[in-house]
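Trainee: Per TrEMBL, domain 'TNase-like' is recorded for 130-270, 285-420, 433-587, 616-751. The annotation domain 'Tudor' is assigned in TrEMBL to 820-878.
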Amino acid sequence: MHIGPWSKWIFLKIRLIDDTLQNTVCKKKKKKKASSNAGTFSVSWKQNWNFTYAGNFGGLAYSCCCKPFSNFPSENGWIFPFALDDCGDYTGGEKPRSAPSNGLGLQESSAAVAAQDLTDAPVGHLKYAVLSGCAIIVRGQPRGGPPPERQINLSNIRAGAMARRAAQAQPDTKDTPDEPWAFQAREFLRKKLIGKEVCFTVEIKTALGREYGMVYLGRDTTGENIAEVLVNEGLATVRREGIRGNNPEQARLCELEDQSKASKKGMWSEGGGNPRNFVDSLHQKPINAIIEHVRDGSVVRALLLPDYYLVTVMLSGIKCPTFKREADGTETPEPFAAEAKFFTESRLLQRDVQIILESCPNQIILGTILHPNGNITELLLKEGFARCVDWSMAVYTQGAEKLRAAERSAKERKVRIWKDYVAPTANLDQKDRQFVAKVMQVVNADAMVVKLNSGENKTIHLSSIRPPRIEGENKDKDKRFRPLYDIPYMFEAREFLRKKLIGKKVNVTVDYIRAATGPGEGTPAFAERTCATVTIGGINIAEALVSKGLATVIRYRQDDDQRSSHYDELLAAEARAIKNGKGLHSKKEVPIHRVADISGETQKAKQFLPFLQRAGRSEAVVEYVFSGSRLKLYMPKETCLITFLLAGIECPRSSRNMPGGMQVAEPFSDEAMLFTKELVLQREVEVEVESMDKAGNFIGWLHIEGLNLSVALVENALSKVHFTAERSAYYKTLVSAEEACRLRKEKIWANYEEKPVEEVVHVSEEKERVANYRPVYVTEISDTLHFYAQDVETGGQLESLMETMRAEIAAQPPLEGSYSARRGEYCIAKFADGEWYRARVEKVESPAKVHVFYIDYGNREIVPSTRLAAIPPAFSTRNLPAQATEYAFAFIQIPQDEDARADVVDCIVRDIQNSQCLLNVEYSGVTCPLVTIQFGDTKDDVGLGLVKEGLVMVDVRKEKHLQKMVTEYLNSQESAKSARLNIWRYGDFRADDADEFGYRR
């Protein structure tokens, strides 16, 4: 009996055994051996003609088990109408010995389908298959030779194309993955048609020989229509572009497709047909599988049981060295790629395992393979065959910390891919890697200043996070950019850190030190930065910040090891923040902080002063410390920034730049500033505003947790008591604290020598009011009853300067529009009379609106920049200072009622504006000297006259040398009150609730 030639067409189920030929064990007494051109084999049979075949083809060993029907053997050869049974072995079936032929040996109406999973046999040995969801190969009955085959493509429908590997001869081509639902459609056909007889009709045959038709299950066209079944199950779509309206079969397909869409079957289900739905349907439960192929150490091909799904799985959380495909089709292994592949192959290939399919991003199935002996993912990391990857670490279900620990172990042992590894903190001592420190200042959302146990201050940056930042360039270039308030969520992030950390001890673990970088194109320069993980009470501050959406996590290159030791927790926190739409990830409008900075803005400060005085103790946050007694405060209720000076003390001055050069720091100024910083910087405090100086700085008392900062500075011998403290309630406390430090001769009192008491008393008794009136020319009077005056003695110099300047300007007129105004600069401005005057720019709203102050006359005006020009150097304030000096009336208080105030201003303008008067400085005020002024001819006191007419009230002063003047003013006020003049026409309105009207008795 000759068997060899038939080995070319018998369809064998391939089973990988070994690289050597395995002989089949005979199960019958008789045994016959033969040879063929395909390889060696052996056959054995029983009386029922069952036989087993084994052979070696192309270096691979195969085996199969077959059984014929009663007509076996035959004189004219063997007739094997084979079909696959459920277990994959062949069974025979009787067919008539002769049938009408269509030229290919196939009956037009009936044929048997032989199919097998493409991955179960090598390419080139497979002859009959379900190629895809809409293409099959059928064969007829063998008669005297191999049975013929024929490919039939289902008409009017389309199923997804299966994956295809790139052709090696064409380096430009790429591997193409399965289209959505392609594998499901092919598996559906395979299970439905394996070992079954089908009937088919050919409708169209293309010029290339491709045939399209209909396939029916059974011996005739009354059987189940395969195309309709596929469409009904949602595994194929109808080609509607070629549909003819009178074709009932096409109409039936369209109807079934609509029903499938309505029922949301297959590809029409929620989410459509993609592998993610398949992965999600398993709910991350372990499923049995067999590893069929290992592509590299971290990518395998697995056969999922019991449904025999063949999937490519990439191990979650890691990546092994790979094989790079070159242009000529060859593959070049990366270092340790072959070793990593062998490590995985020797442990998993052809083994029964369990797989947890965890995610499917971008059509890549991620999973974890569990073997009875352990987790291959952790083993690869521990042995140095793989590195952790961030993008898939988040989906790893077995604990990301285990992977990091395994990778860390390999790094410490410097095995395989880590043989040249150097730890980011290798050059640091243990005490410098981990330490406890006190937070002194929060610089921004990712940096802070901490105080070490040694007393040294150190700046720490939070590892692997990025603070909020503005997108694009600042559009409003005229507006001063303030990152803390202008960058969305920067203020919230800073406040979160400030409230949680300031003044508290934290645990610092240094993760890496970022080297300094020089400035590049579009890249600023950065100094060396120490990046660390900061925890307090077991809470990772960076993780808490990210989870609230107040910072984002930095993405690194895969080979960049300088990252947080808790990087996975940061990524998980960011994912939660994105999911919950918090902070930076929120779709709501970003918070806007409109904070007015009135530091140095005298006019704005004057407007705020009454509110702050009436408020009593106000809440504030210390934003910056300039010196021991000079601070910048944020007032949350008023949403403004102010410069605040401590009242009642005289603190050593720090060094600072002055117009004349650098001012040298006074002794103990740095100690005083450090003391104030440690006590109040970025802390919540309470302030009492008493007054304001001429530069727009507020003066008052600052309290923190019941402690008066002025008193604390004096008690620590870092400040002296100022004479202005005499009127405050803290005077006795300040004096006693100063006396104690003076006796101990500490710090600023170290070189103090006490003066005789008699001399001090003698000087205070002889102090009297000095009347030294000088002639002035009043040029301007403001609504607040302040006025500007020129000294008559220097009036001639001003006239000479103005004449010379105007002559020079007339000879060389400035180019109109060439001057760019800047706040605080001196310039010349053309007044309404057409003449040029010296001026100072106070504010620039726009080129058309520039606020200027005429420094020689005291009046203000808003002019366009075209009426401004640069001041010639010969006429600057260095040659002749500004001639208009600001003054205010002494001993009087202006009424708060607008009508009453207007009456006073009108009276003063009518009496003294543009006239020569006599002026005497009585005492200093917050913004300007307070004076008494007399008419030039009668020598009558102008302020006293206002009191007598009942237009103003008396401001009572406590200085002894002024009591005579105060008494005279009070007597005149009583006379006006008795006569019910002007503001006293309704009697004395300053009762118990006088503060509500803004008056002081």
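Backbone N, Cα and C atoms are what each Cβ position is placed from, and that goes for glycine too.
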Trainee: At a threshold of under 8 Å on Cβ distances, which of 130-270, 433-587, 616-751, 820-878 pairs most often with the domain 'TNase-like' (285-420)?
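Mentor: Answer is 433-587, with the largest number of Cβ pairs below 8 Å.
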Trainee: Tally the residues of the domain 'TNase-like' (616-751) by DSSP class, grouping H, G and I as helix, E and B as strand, and everything else as coil.
Mentor: 41 helix, 50 strand, 45 coil
Trainee: Tally the residues of the domain 'Tudor' (820-878) by DSSP class, grouping H, G and I as helix, E and B as strand, and everything else as coil.
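Mentor: Reading the DSSP string over the domain 'Tudor' (820-878) gives 6 helix, 29 strand, 24 coil.
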Trainee: With DSSP as the yardstick, break the domain 'TNase-like' (130-270) down into helix, strand and coil residue counts.
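Mentor: Summed over the domain 'TNase-like' (130-270), the classes give 41 helix, 38 strand, 62 coil.
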Trainee: Summarise the domain 'TNase-like' (285-420) by DSSP state, stating how many residues are helix, strand and coil.
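Mentor: Split into helix, strand and coil, the domain 'TNase-like' (285-420) gives 43 helix, 51 strand, 42 coil.
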